[in-house]
Amino acid sequence: MKFVDEAVIKVQAGDGGNGVVSFWREKFVTNGGPDGGDGGDGGDVYMVADENLNTLIDYRFQRFYEAERGKNGGGGNCTGKSGKDKELRVPVGTRAVDIHTNEIIGEVAEHGKKVMIAKGGWHGLGNARFKSSVNRSPRQKTLGTKGELRDIRLELLLLADVGMLGMPNAGKSTFIRAVSAAKPKVADYPFTTLVPSLGVVSVLPEKSFVVADIPGLIEGAAEGAGLGIRFLKHLERCRVLLHMIDIMPADQSDPAHNALTIIDELEQYSEKLAKKPRWLVFNKVDLMSEEEADEIIQNIIDALAWEGDYFKISAANRQGTKELCMKLAEFMDTLPREAEEKTEAEKVDFTWDYNHKDGLAGREVITEDDDDWDDWDDEEDDGHVIYVRD
């Protein structure tokens, strides 16, 4: 199935049901009081994480999703039925972003998690709500409010422990093939990797971690050049980054300059991402003598002023890959997993109001005329008084 990590949709929460004007009428009761019920609340729209999904491709074909409208109220103080919620099932790791404000509405990072992305409208009030000591037969009601309408961008962020970055043809996909059961495409031309891929690395029966490979970065990626900038977001949840450096590039470019380019593009894209733990991995050491490889590696380290961890491997021959994976597994045990950033509902600016309170404090009140209804207070029929409670 095609990998789709972004989709734009429109969601419409259900409108609230209207209140109703009704009076109690039955045999021997000709002047019963008001018994108009409230409407039902509109349905909400939710995003629900499903571990059985791994792409957002379904949301490329259907772009509009709508929750159910609340039912209108009825006589006999009957409240209308609330509208049915709409649930959008998405892969684990998906977040919803408001297109117009770039506000992160919420994200689902574990199976079954549910986040509201559009709020349904509040119910309208029936005329029974307007009964007072001075207005015994109110003919007023309120309408249900509109459900929230939002344009939303769904973004899928892969959940991985280790993220790989580097220039095209640095050997990232070859490394994943060497250490896991994943089989990404490998070839001797740039941008062989067109979409991110995941591999599970098992170093011991009880120790494993997930590695994410994204398309290679090139100079100017932060301004949109190449493919990698589209997928850098998938590294945001990784706990450590592996910077793969080809010490003998096929295009005869300077490996030190290439390494500096990757670091510069990473810093331009996200300061937070650039501050993540990062290891240098020098690949293709089998293509030259050990002395030549050590000399090139030292030149790169000096150019980067690097003081962190680095490793020498040959992904094609699996030289040094086992030791690197063992070190990564040990590092995972010492590095606590980042706490999930929770988006609290109170901080999300939904556009609904608490209209069940506003109904008596300035919201539009509808007055219905009906000659069949008798007002036993003998009020003049030349107009209606609408009382607003403070």
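Each Cβ is built from the backbone N, Cα and C atoms, and glycine gets one as well.
For 1-159, the entry in Swiss-Prot reads domain 'Obg', with the evidence type sequence analysis.
Annotated domain 'OBG-type G' per Swiss-Prot: 160-333, in sequence order, evidence recorded as sequence analysis.
Sequence-distant contacts of Gly166 (GTP binding site), defined as residues of its own chain at least six apart whose C-beta falls under 8 angstroms from its C-beta, comprise Lys172, Gly216, Leu217, His243, Met244, Ile245, Asp246, Ile262. The annotation GTP binding site is assigned in Swiss-Prot to 166-173, 191-195, 213-216, 283-286, 314-316 on the grounds of sequence analysis.
Residues or ranges marked as Mg(2+) binding site by Swiss-Prot: Ser173, Thr193. Secondary structure from DSSP puts Ser173 (Mg(2+) binding site) in a helix. For Ser173 (Mg(2+) binding site), other Cβ atoms within 10 Å of its Cβ number 25.
If you take the Cα of Lys284 (GTP binding site) and the Cα of Ser173 (Mg(2+) binding site), they are about 13 angstrom apart, rounded to a whole number. Within 10 Å of the C-beta of Ser314 (GTP binding site) there are 20 other C-beta atoms, taking all protein chains into account. A Cα-Cα distance of 9 Å separates Pro215 (GTP binding site) from Ser173 (Mg(2+) binding site). Cβ packing within 10 Å was compared across the binding-site residues Asn169, Lys172, Pro215, Lys284, and the lowest neighbour count falls to Asn169.
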